[in-house]
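Here is the structure we will look at, set down as structure tokens.
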Amino acid sequence: MSESKKPLNHLAIIMDGNGRWAKKRHLPRFVGHRHGMDNIRNIALAANKLGIKVLTLYAFSTENWARPTDEVNYLMRLPIDFFDKFMPELMENNVRVNIMGFVDELPEKTYLVTQKAMAETANNTGMVLNFAFNYGSRREITAGVQEIARKVKVGEIDIDDISEKMVSDHLLTHSLAPYEDPDLLIRTSGEERLSNFLLWQMAYTEFSFSDKLWPDFDKTDLEELVKDYQGRNRRFGKV
């Protein structure tokens with residue numbers, strides 16, 4: 001198999017455009033978030049059928065706390081509704097749930113439902129549905145570096161032992177090994193920026209940007225972008 005035809009092991013998606021989707025329809029923003037939540041189910045099942053091993057979804061950033069309180073409170077309820085509604089299908093499709101972020105800062109009910117989802121799917125061996133929730137890449141890297149520094153301070157490791165792999169092993173994605181780094185990033189809604197998402201892990205990631213708003217992004221859109229990715233020549237800095 002040629003380099004360009006290798007499977008897409010880790011797909012990351014910045015799910016953007018829920019608010020604009022609602023605004024275009026003269027609806028409250030929370031309606032867009034609700035439709036966006038339902039679309040997670042559609043895209044997750046489609047990605048699973050494509051053989052993707054890890055699907056990482058940027059669900060809530062550490063910066064999103066600055067949104068209006070009513071909106072934040074609604075977003076904190078969505079994981080409860082999502083797993084209540086779709087857990088049977090996740091189990092049926094052998095999907096394992098992982099929550100990646102500073103989850104100890106979540107409201108108790110939200111935290112408990114995420115931990116329950118991980119526990120209930122822990123023995124599933126199919127695709128990992130990895131939610132980045134209360135996640136920020138700069139904070140993740142800072143926390144990882146601080147932990148390495150503590151180990152150096154107490155003599156657990158030598159400063160010369162610090163390597164790229166060691167840094168990776170101290171990031172929140174280490175549990176996704178050997179697929180910590182996304183092969184492809186998709187961002188919906190036409191925006192073309194990373195928004196503090198997986199900055200270390202995406203050093204060699206391919207990017208695709210869709211003009212579709214997240215609630216409208218469907219299976220066909222996903223398949224087209226995956227096909228485009230599979231036709232690319234990933235050189236990783238080589239000729």
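Cβ atoms here come from the backbone N, Cα and C positions, even for glycine.
Fair warning: this is a prediction, and the values are worked out from it, not measured in the lab.
Taking the Cβ of D16 (active site) as centre and 10 Å as the limit, one finds 24 other Cβ atoms among all the protein chains shown. Per Swiss-Prot, active site is recorded for D16.
Taken from Swiss-Prot, the feature active site, proton acceptor covers N64. N64 (active site, proton acceptor) falls within a helix when secondary structure is assigned with DSSP.
Residues or ranges marked as Mg(2+) binding site in Swiss-Prot (evidence: sequence analysis): D16, E206.
Annotation comment: Swiss-Prot describes 17-21, R29, H33, 61-63, W65, R67, R187, 193-195 as substrate binding site. Taking a C-beta cut-off of under 8 Å and a sequence gap of six or more, H33 (substrate binding site) has these contacts in its own chain: N18, G19, A22, E71, Y74, L75, L78.
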Other C-beta atoms that fall within 10 angstroms of the C-beta of W21 (substrate binding site): 24
Pairwise Cα distance for W65 (substrate binding site)/E206 (Mg(2+) binding site) [Å, integer]: 29
Cβ atoms near G19 (substrate binding site) (within 10 Å, other residues, all chains): 21
Rounded inter-Cα distance in Å - D16 (active site), L194 (substrate binding site): 11
Candidate with sparsest Cβ neighbourhood (10 Å radius) among T62, N64, the listed recorded positions: N64
Residues that sit under 8 angstroms from G17 (substrate binding site) by C-beta distance, when 6+ apart in the chain: G32, G36, T188, S189, G190, K212, L213, W214, P215, D216
